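Novice: This is the structure I want to talk about, given as structure tokens.
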Amino acid sequence: MPLSDFILALKDNPYFGAGFGLVGVGTALALARKGVQLGLVAFRRHYMITLEVPARDRSYAWLLSWLTRHSTRTQHLSVETSYLQHESGRISTKFEFVPSPGNHFIWYRGKWIRVERSREMQMIDLQTGTPWESVTFTALGTDRKVFFNILEEARELALQQEEGKTVMYTAVGSEWRPFGYPRRRRPLNSVVLQQGLADRIVRDVQEFIDNPKWYTDRGIPYRRGYLLYGPPGCGKSSFITALAGELEHSICLLSLTDSSLSDDRLNHLLSVAPQQSLVLLEDVDAAFLSRDLAVENPVKYQGLGRLTFSGLLNALDGVASTEARIVFMTTNHVDRLDPALIRPGRVDLKEYVGYCSHWQLTQMFQRFYPGQAPSLAENFAEHVLRATNQISPAQVQGYFMLYKNDPVGAIHNAESLRR
């Protein structure tokens, strides 16, 4: 059969015509679908703006609080339950609703914004064991200012929640995370130290904060170390907490006895400490002993974890140590500390915080019983010092709690403080 006759036969065949038509329709639909997909990709690329915030970013918690404030009509929610312990010891429960994982739409300054909160169940945070999360904002247009405004509002909202409070951070893995809720700032005058001691420390810290250029011009590392030593209960940690509130700084709590703390991790934590924060190393004598005592017990000298003594020294004042940092260390036994740890450059100011003096006792009495005659405070101090000359502010405060509204009774029974 000639080729022309074969083509004419196919043309007259109804089955072939129908099949060819179906192929044509299918091809057209596939091309249209591909065109729509390419069009959507081009539209998203050129006419939409997207912002992704991973859970590790510091603004992630801010944005969740911001979403809670702005997505009041969202019907798909997750709950975050937390416990708050008051100074009286009473514990209250707080519930906070946040948008659940999924897609949400909010109206913000004349724009619809799509918010996608995603949770990867196959990926977890090895430090906390929680699934990996992220939140993605999508808006029409190409102006990034809308996202800057959202981040700025979220930051301001977080600052309002922390206003007048001190934020505590603790080390979790390789980063600092807030520890509990921000605490109400403790007034500096609520911690009564020996006369002039608090003013001397505050003046030194403030001078350091206000003069970074002085250190730079002279080639001196811009960091400052403090050591407060003395008997337990004399106000070392309490003063540091009050000082942070006075300076509007946060506190980074770091335990040197943490078994997971290594040299590299310590150096990293000190380098990524939040700005405007005080790094607090409490009871440093419990982690390391003097090298003179290490001969008898070398294992104890090397600490309870993977942190080495040389690693601590290098983190505080080594080639890789960071600047713009304030470190406070406390100890009850300064004689147990190695001289290399407390030399200038690592510890620039050492202050003894000891038992109550006559002046401290009078100040504490007047603060606890305002409006009483100064002679009563003098009388109380004399009675206490006759009973004992080694009494800590914590003991005096505990004693006052027994006579909340009875200053005369506190004076008459001061002999009970005798050891």
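Glycine too: its Cβ is placed from the backbone N, Cα and C atoms.
Keep in mind the model is a prediction, meaning the values are calculated, not measured.
Annotations per Swiss-Prot:
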BINDING   GLY230, PRO231, PRO232, GLY233, CYS234, GLY235, LYS236, SER237  ATP binding site
MOD_RES   TYR181  phosphotyrosine
TOPO_DOM  2-15  topological domain 'Mitochondrial intermembrane'
TOPO_DOM  33-419  topological domain 'Mitochondrial matrix'
TRANSMEM  16-32  transmembrane segment
Novice: Would you mind listing, in sequence order, the residues at least six apart from PRO231 (ATP binding site) in the same chain with a Cβ closer than 8 Å to its Cβ?
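Specialist: PRO231 (ATP binding site) has long-range Cβ partners ASN332, GLY354, TYR355, GLN390, SER392.
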Novice: Between SER237 (ATP binding site) and the residue listed as 'phosphotyrosine', how many Å separate their Cα atoms?
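Specialist: A Cα-Cα distance of 19 Å.
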Novice: By the DSSP assignment reduced to helix, strand and coil, which category contains SER237 (ATP binding site)?
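Specialist: Note: SER237 (ATP binding site) is helical by DSSP.
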Novice: Please report the distance from the Cα of CYS234 (ATP binding site) to the Cα of the residue listed as 'phosphotyrosine', rounded to the nearest angstrom.
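Specialist: Cα-Cα, rounded: 26 Å.
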Novice: For the recorded positions listed here (TYR181, GLY230, CYS234, SER237), which one has the lowest count of neighbouring CB atoms within 10 Å of its own CB?
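Specialist: So among TYR181, GLY230, CYS234, SER237, the recorded positions given, the one with the fewest Cβ atoms within 10 Å is TYR181.
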Novice: As a test of the contact definition, list every same-chain residue at least 6 positions from GLY233 (ATP binding site) whose Cβ is closer than 8 Å to its Cβ.
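Specialist: Looking at Cβ-Cβ distances below 8 Å from GLY233 (ATP binding site), excluding near sequence neighbours, one finds SER392, PRO393, ALA394, GLN395.
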Novice: Does GLY235 (ATP binding site) have same-chain partners at least 6 apart in sequence with Cβ under 8 Å from its own Cβ, and which are they?
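Specialist: Looking at Cβ-Cβ distances below 8 Å from GLY235 (ATP binding site), excluding near sequence neighbours, one finds VAL191, VAL192, LEU193, VAL353, SER392, PRO393, ALA394.
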